Amino acid sequence: MTFKSHMARALAEARAAADRGEVPVGAVVVSPAGEVVAAAGNRTRELNDPTAHAEVLAIRAACEAAGSERLVGHDLYVTLEPCPMCASVISQARIARLYYGAADPKSGGVAQGPRVFSHPQSHHVPEIYDGIAADEAEALLKAFFGERR
Ligand SMILES: [Zn+2]
């Protein structure tokens with residue numbers, strides 16, 4: 001199977017989140033067959049739910065579609081480095097490959113902060129590919145936070 005990046009779809013979700021007044025982060029879950037099974041953007045404000053990050057919402061929807069609490073062989077694309085909560089969910093869902101865009105020095109939990117996947121308590125570690133379309137993801141975040149200042 002040839003590799004196809006789904007980051008463009010994740011960026012579209014991030015843009016839609018910004019339009020809703022949410023922090024522009026988008027995520028997509030792709031099945032082992034290469035199909036997009038879930039896509040989501042942040043909805044923490046809309047749902048009054050601090051756990052409603054794009055990754056969590058996309059993983060929830062994908063699990064429901066799969067009828068399973070685990071997403072073995074699935075890939076996750078997210079525009080921003082996952083926070084520690086999302087990194088833990090990614091591990092618990094057994095996501096096979098994680099593709100992310102911009103690094104998040106402030107709240108990231110993969111390459112910085114608690115480095116969840118490097119922790120001995122991490123039961124499952126996905127393959128990780130970072131910096132995918134990072135410039136575009138970063139520009140969205142900068143524009144969003146710039147406008148709110
Ligand atoms: Zn998160």
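Glycine is no exception: its Cβ is also placed from the backbone N, Cα and C atoms.
Record note: TrEMBL gives Cys83, Cys86 as Zn(2+)-binding, and the candidate from His53, His74 in that site is His53.
Confidence for the domain 'CMP/dCMP-type deaminase' (1-111), expressed as mean pLDDT, is 96.
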